[in-house]
């Protein structure tokens, strides 16, 4: 089997594709000096969907671009990928920042929304099909984006993250922070967690993003309890109750945790899976409605 890099070069040569990750400047409001990269496939769909992909602590936008198979799916299905990057706080997202946790107040979240708006305008993208995903700190920020800007995102997928506002009030949100209460499984009632979401955008009564939560049961950096707390939060916000567990889905090591009929909220907990849970592009993109 050809290594992935060689296979990609072979496919590029065969098809004449030349799309690549590109840095974008001057996209709009950027209160925390974050960076924007995009991957726009050569064969762009009419009114393309957008996925915002958020890297983990210590990562970068280019490293996360290389970290999943999303670019190859973008080539096949014609959607756009936005890769934000943060140079702040050991390259960790500001999930503790009151501005990021509040609709329209600033922080990383406002800069990311500005990237989305820029991309929609530039490529005539479909504003009703904007999605967000991320790993570790990016998974935490995925929950923040879905909670703080629900009108922007149709659905999200958080890998190895924590509930929205779990790090609220902490001095920082890195693996080196002295306060690791959140990452060790801070607990609230579903209603308390739900109120953190509702209070991030007071008065909002519109639809809320559908969510997937992925986590490893052997994660000793961001404890598995964090995923269960995130599921409690979104079950309250989305108004769906736990319905069943399904063993061996999407693969043998995992248990699928289904809420309601599974169309709004699903969790995946992996036995023997550490930090971070691997990205399952196919399951995620099916949930988003971007592939069959």
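Backbone N, Cα and C define each Cβ position, glycine as well.
What Swiss-Prot says about this one:
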type     : residues : note
SIGNAL   : 1-18     : signal peptide
CARBOHYD : 88       : N-linked glycosylation site
CARBOHYD : 117      : N-linked glycosylation site
CARBOHYD : 179      : N-linked glycosylation site
CARBOHYD : 245      : N-linked glycosylation site
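Feature map: annotations from Swiss-Prot on the structure.
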| residue | record | DSSP (3 states) |
| --- | --- | --- |
| 88 | N-linked glycosylation site | coil |
| 117 | N-linked glycosylation site | helix |
| 179 | N-linked glycosylation site | coil |
| 245 | N-linked glycosylation site | strand |
| field | Cα distance (Å, whole number) from residue 88 (N-linked glycosylation site) to residue 179 (N-linked glycosylation site) | value | 18
| note | Out of 117, 245, the listed glycosylation sites, fewest other Cβ atoms within 10 Å surround the Cβ of 245
| Do you know offhand how many angstrom separate residue 245 (N-linked glycosylation site) and residue 117 (N-linked glycosylation site) by C-alpha? | 38
| task | Whole-number Å only: compute the distance from the Cα of residue 117 (N-linked glycosylation site) to the Cα of residue 88 (N-linked glycosylation site). | result | 23
| query | Residues with Cβ closer than 8 Å to the Cβ of residue 88 (N-linked glycosylation site), same chain and 6+ apart in sequence? | reply | 32, 33, 34, 94, 108
| query | Including all protein chains displayed, how many Cβ atoms other than that of residue 179 (N-linked glycosylation site) lie within 10 Å of its Cβ? | reply | 14
